[in-house]
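Visitor: Straight from Swiss-Prot, here's the annotation block:
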type: TRANSMEM; residues: 16-36; note: transmembrane segment
type: TRANSMEM; residues: 58-78; note: transmembrane segment
type: TRANSMEM; residues: 100-120; note: transmembrane segment
type: TRANSMEM; residues: 141-161; note: transmembrane segment
type: TRANSMEM; residues: 165-185; note: transmembrane segment
type: TRANSMEM; residues: 221-241; note: transmembrane segment
type: TRANSMEM; residues: 253-273; note: transmembrane segment
type: TRANSMEM; residues: 294-314; note: transmembrane segment
type: TRANSMEM; residues: 343-363; note: transmembrane segment
type: TRANSMEM; residues: 373-393; note: transmembrane segment
type: TRANSMEM; residues: 399-419; note: transmembrane segment
type: TRANSMEM; residues: 424-444; note: transmembrane segment
Amino acid sequence: MSDSHLTAFDKASKAGFIIALGIVYGDIGTSPLYTMQSLVENQGGVNQVSESFILGSISLIIWTLTLITTIKYVLIALKADNHHEGGIFSLFTLVRKMSPWLIIPAMIGGATLLSDGALTPAVTVTSAIEGLKAVPGLSHIYQNQTNIIITTLVILIVLFGIQRFGTGFIGKIFGPVMFIWFSFLGVSGFFNTLGHLEIFKAINPYYALHLLFSPENHRGIFILGSIFLATTGAEALYSDLGHVGRGNIYVSWPFVKMCIVWSYCGQAAWILANKHSGIELNPFFASVPSQLRVYLVSLATLAAIIASQALISGSFTLVSEAMRLKIFPLFRVTYPGANLGQLYIPVINWILFAVTSCTVLAFRTSAHMEAAYGLAITITMLMTTILLKYYLIKKGTRPILAHLAMAFFALVEFIFFLASAIKFMHGGYAVVILALAIVFVMFIWHAGTRIVFKYVKSLNLNDYKEQIKQLRDDVCFDLYQTNVVYLSNRMQDHMIDRSILYSILDKRPKRAQVYWFVNVQVTDEPYTAKYKVDMMGTDYMVRVNLYLGFRMPQTVPRYLRTIVQDLMESGRLPKQEQEYTITPGRDVGDFRFVLIEERVSNARQLSNFERFIMQTKASIKHVTASPMRWFGLQYSEVTLEVVPLILSDVLKLPIKELVPVEDSEA
């Protein structure tokens, strides 16, 4: 990359500042909707809290945001960019060569981040709609929780329903709306604290530590499960690095942190002023004058929708990266907008919708959802910490310093994990089960790929070059196609899968003018699009290594069309004039893509465990996108051939011929 590009990535701008507010901070920016409510309700209500409890809670929130979000993610993790892209899979690609076992924290972290993303829309939208309970004129309608559930589900149906059309047309308003949202948080919090300046004593971490061990704290260390809600969006902040650039996050985060801290302090001040009033409304809405609440609910709903949209888009990106890293099944991906970064995965969209809707119906209130929320993301953060340690060592940090720094964050996050573990019995089990299911699928897919690499045999193309030439020139065979293309992800030098040569020469001899052997390799760089060609000393056998970034679509026909034109223009490939065509001057013949599917046979070499892995992977394949769709071959001529995983395994079964016995009397 050029220095100017790097500078642009680290540079901040006014437009970038606004865009960052709309993309990066949706999750962490809507946490004030429910964090203080969770703390107060778990303590027994507003009338049960003391000044020391409130000061301790605010102190815990401030220092959690400082340690985890500011220091770990903004100051450390943002430096771990993979060609300007962030997130746990981008981080994994930076360190995966350091140890093969690092695939484990990457898979666990990705799975828990996905499962958390399914819960976020339910929590944020429900919390926003519940604010209608505090609106004069509407409170009598929305005191009935069923009406809140119906309204929430309608919003979710619309939100997930528009994903297929792309969200670029509404994405332009995300930034301005979130700027208004954060400004409101800051201003309202500021005015609420004017009468209770003692709130600012919470900056002293003494109050945080005192509360953890105070008898006034009814929940003990488990209070951290509610405190953690304030920083759940930190991982999303890192994942969205590539969308806005490091410089814009550096500039916008101080503004965002100031506004949300003011909001928490303002809610705390309202609680101290009204703890004997008997009011049991959410402090976030109750701390605002009643005549403004309807506008606040509208703004909060928009902010919740924006936060949910960011999580949905992030889930699509996460799954797309996992597919290209070959640790997740292939699902159909579409690009509804002009931007490659704006993608849509139908299966994932409707799975998220189903899980989110079931969460709303099962838990009914935001308070019950909060009881289950946050457990998964603590695991994601722990996995990111593990990968960050290896990244720091790779970048030259002294190992002892890298170990100490990451051990500190791992300890803090492990304490939050233990505090959140109690949520397992209050609904967190649903998120854990979902995460385990995703990890299981990832493990099966990854292990199945390794088994194929272990057993599939390769042959040297040079040894069969003469046979292929004879077949090409043998007019006794009808021309199968002008160009025959084989896709293989296991092509190295001149070695190629035995199944491909078996398809060309044995299964049905395929006579063609040119044989193409294409290997698609996913690179660690997100947006690479390069290729390398080896003609093997011929003009009829072409080996193509196609290098695509892990965020690039693998639409092979488009790339191959460009490669063919380049080879013909350079004279390395003869032109293929067409006698019959509606396109004047067309000099490229027809193509047929041959896809080979390896299936498990009764091979004795496979262990029972390996057979289970391969059979399970085959079952998963039935509900995923076909390679034809994944490689963009829907409008091309495609032949699918099935071969056994182990071609050499030919069993000679004992069998006897029945010979007719002559009649003895004859």
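For all residues, glycine too, the Cβ spot is worked out from N, Cα and C.
Fair warning: this is a prediction, and the values are worked out from it, not measured in the lab.
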Visitor: Is the number of Cβ-Cβ pairs under 8 Å between the transmembrane segment (58-78) and the transmembrane segment (221-241) three or more, considering only pairs separated by 6 or more positions?
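Guide: Yes, the transmembrane segment (58-78) and the transmembrane segment (221-241) are in contact.
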Visitor: Does the transmembrane segment (343-363) reach the transmembrane segment (141-161) with at least 3 CB pairs under 8 A, where each pair is 6 or more residues apart?
Guide: yes
Visitor: Residue list, the transmembrane segment (373-393) vs rest of chain: Cβ under 8 Å, 6 or more residues beyond ends.
Guide: 68, 72, 76-77, 80, 88, 91-92, 94-95, 98-99, 102, 105-106, 108-109, 112-113, 115-116, 119-120, 123, 225, 228-229, 232, 234-235, 238, 399, 401-403, 405-406, 409-410, 413-414, 416-417, 420-421, 423-424, 428, 431-432, 435
Visitor: Looking only at residues six or more beyond either end of the transmembrane segment (424-444), which have a C-beta under 8 A from one in the stretch?
Guide: 107-108, 110-112, 114-116, 118-119, 322, 327-329, 355, 359, 362-363, 368-369, 371-373, 375-376, 379, 613, 616-617, 620
